[in-house]
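Per TrEMBL, these features apply:
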DOMAIN    8-131  domain 'Response regulatory'
DOMAIN    150-223  domain 'PAS'
DOMAIN    224-276  domain 'PAC'
DOMAIN    273-345  domain 'PAS'
DOMAIN    428-645  domain 'Histidine kinase'
DOMAIN    668-787  domain 'Response regulatory'
MOD_RES   ASP65  4-aspartylphosphate
MOD_RES   ASP717  4-aspartylphosphate
Amino acid sequence: MKTTMQPTILCVDDDRAVLLSLRDQLTRNFHNDYNIELAQDGLEALELLDELRAEGVDVPLVISDHIMPGIKGDEFLIRVHSRFPKTLNVLLTGQANADAVGNAVNFASLYRYIAKPWNDTDLCLTVTEALRRYQQDNELELSQATLRQSEERFRQLAETIDEVFWVTNPQRSKVIYLSPSFEQVWGMSCEHTYAHPQQWLETIHPDDRDRMQNVFSNQVQNKYVEEYRIVRPDGEIYWIRDRGFPVQDEAGHTYRIVGIAENISQRKQLEQEQARLIAILEASPDFIAITNIEGRILWVNFQLRQLRGLPPESDLSQLVLSDFNSDASKAIVLGQGVPTAIKKGIWVGETTISTLEGTEIPVSQLIIAHKSEDGYVQHLSTIMRDISTLKQINAELEIRVEERTAQLTTAKEAAESANRAKTTFLSNMSHELRTPLNIILGFSQLLAADDSLDREQREEVEHINTSGNHLLSLINDILEMARIESGQVTFKADSFDLYELLDKLEGMFHRQAQFKGLQLKLLKSSDDLPRYVETDKGKLTQVLINLIGNAIKFTDTGSVTLRVTSDRDRIFFEVEDTGSGIEADEIETLFQPFIQSKRKDPRQEGTGLGLPISRQFVELMGGLLTAESQLGSGSIFRFFVPFKQSQNPNPHPTRKAIALAPYQTKYRILVVDDLWANRQPLVKFLQLLGFEVKEAGNGREAIALWNSWQPHLIWMDMRMPEMDGYMATSQIRARERQEQQSPIKILALTASAFEEDRTRVLAVGCDDFIRKPYEEEVILQKLTEHLGVKYVYEN
């Protein structure tokens, strides 16, 4: 067998001479295009066909004898056809019967039968026709395969694109093909549309239907592109862009219409929104322009066209963004505005634009850089707002502000002057009232300690002390309200024994309640009430004194009860009495300064400031004070304050000192006050305890005694004639620094109730500040604090 890739003609015959004769004749006519192979029986021929097939050699024709050893020609050709159905078969024999030929025709797809001996011309024509037939069959098969591939690619494309691919006959009376996306766009099934093609046309919106019918009728020979609306079965209206193309035969007759339809509803919606936006921009009183990235104008609104006299059809492509700005503002727009907008996305500034006549208009200009999703600037827009009127208003407003500022400055100075006068008055009043009270209470405390007094005398002294403390309470209320109004009252946290405070309050009011025949009850929640707490002790004490004092004052029979409970971070207080009560609509008036109940009551003595001060103090501590009452049924005042738990701040109980402890320095104390009556209670109290005491009536005398006697501590009054305590303290401190002496302790004694006086006192060199009238216990505490004095205590 020759090794060649040429198509091969296989000849099969058991007679060697016949095979050679066939080969010679076929070689003469077909050797240029075909290779000739020989086999002497059917089995050999089948093996040869398998080899050729394995090598990829095409065998278009087999010529076989019928009478052969092994298998006959008809059976051989049947096997060839079953294994190589494309190969054509020719039976060449002189002894075949009709049955054999019939088998070959029916089961081997016999192409031709040639009788032996054959005619050379007939053989050549038969082989030529067979080979042409084989080539035509191959070409047809290849065309069909190519067509199938093309149809598959078209089907895949049509089924994956969002657009609708369609095919109809020229009259549109038959729908030949619809891609699957038709169902999504039109809302109808393809099968239904194939069966009812007219309904496809009926979906066109009534306002567009006649126009499209004319397009379909008149454009059979030409392509078209149209936009129209359809009404889906669900009532939704879609916009469709439809492109139709006629398909014509060789004679130029249209036999198909193919097209692509796409849903452009979203694009139409964007166009409508853009049109609305353009209408808004056109109607805007601002000057608006849009440019490309180079700054060349793409669009301007009516206001800007009118400013520069530009007709609507003007060619704007030669204009740039800064052309509308005045010469003075161009550098700002190009040097700052555009670069900043490109970098940061936006720029805002004040510029000017000019009219055709050259008039400059001040504007607030906004430049925005519009970027794509990947961050590249696509175009710029600017909005310029006329601020001429605003500039004028601002200028007028500045003049008004200057005038108003001058008026406010004058008013502020007047108010400050009045406030200073008020402060001076209150300070003087505090001093003038507290000074005699200091004398009264000082001597009453000394008298109360005198063991020679009988019972009646002690009661009279107690009345003096009680009346003095009441007067002091009134003064303190008035001054405290003044401090509250001026914002001088602040929260001061203290750690203290709550149980001790409550017990002291109970003891303080026990005698007063007992005198009126009232039962005073203190009910503490022992389960959850902490003993040592941190909050403002002074303010809490004052609130409780005010509430319990009022309750006892306005209760004739029954009881006054103080209940105290707590939760995790709040203490709750409740003061209840069985007094006469007040009308419910008068409760809130009780918390207004200087306002008392409308009901006439001889017990309504005082300033009417206790409850307003109490509410202010409670709120300053972070709590809330409320009240409820009914006329004839008593009253209940409730409040709470936040707190923190703390440790025992004073593990040693307070005891009454009766003398100085032995083995101490003989302390020298100088008492300075211009009033003898003010000095005497303190002098006598200190002398009784064992201190060495001298006294001075003014600052000059104090300096002289300091210089000659060298006291350990000076109690210094701050308001005195000739030389006050401020000057005396200042000069003593100056002499100490000059002579490099150790500073002595100077403690200020003042009747002032104002915190700023405390600041001034400490500023001139005093070590501490004590208000008049003072308590003996405070005096002892300060001496221990500053000198380390130790005492002998009673019991």
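We number each residue from 1, going along the chain as drawn.
Each residue, glycine too, has its Cβ placed from N, Cα and C.
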Coarse DSSP state, helix versus strand versus coil, of ASP65 (4-aspartylphosphate): coil
Residues in the domain 'Response regulatory' (8-131) grouped by DSSP into helix, strand and remaining coil: 62 helix, 26 strand, 36 coil
Helix, strand and coil counts within the domain 'PAS' (150-223) (DSSP): 42 helix, 10 strand, 22 coil
Helix-strand-coil residue split for the domain 'PAS' (273-345), DSSP-based: 40 helix, 13 strand, 20 coil
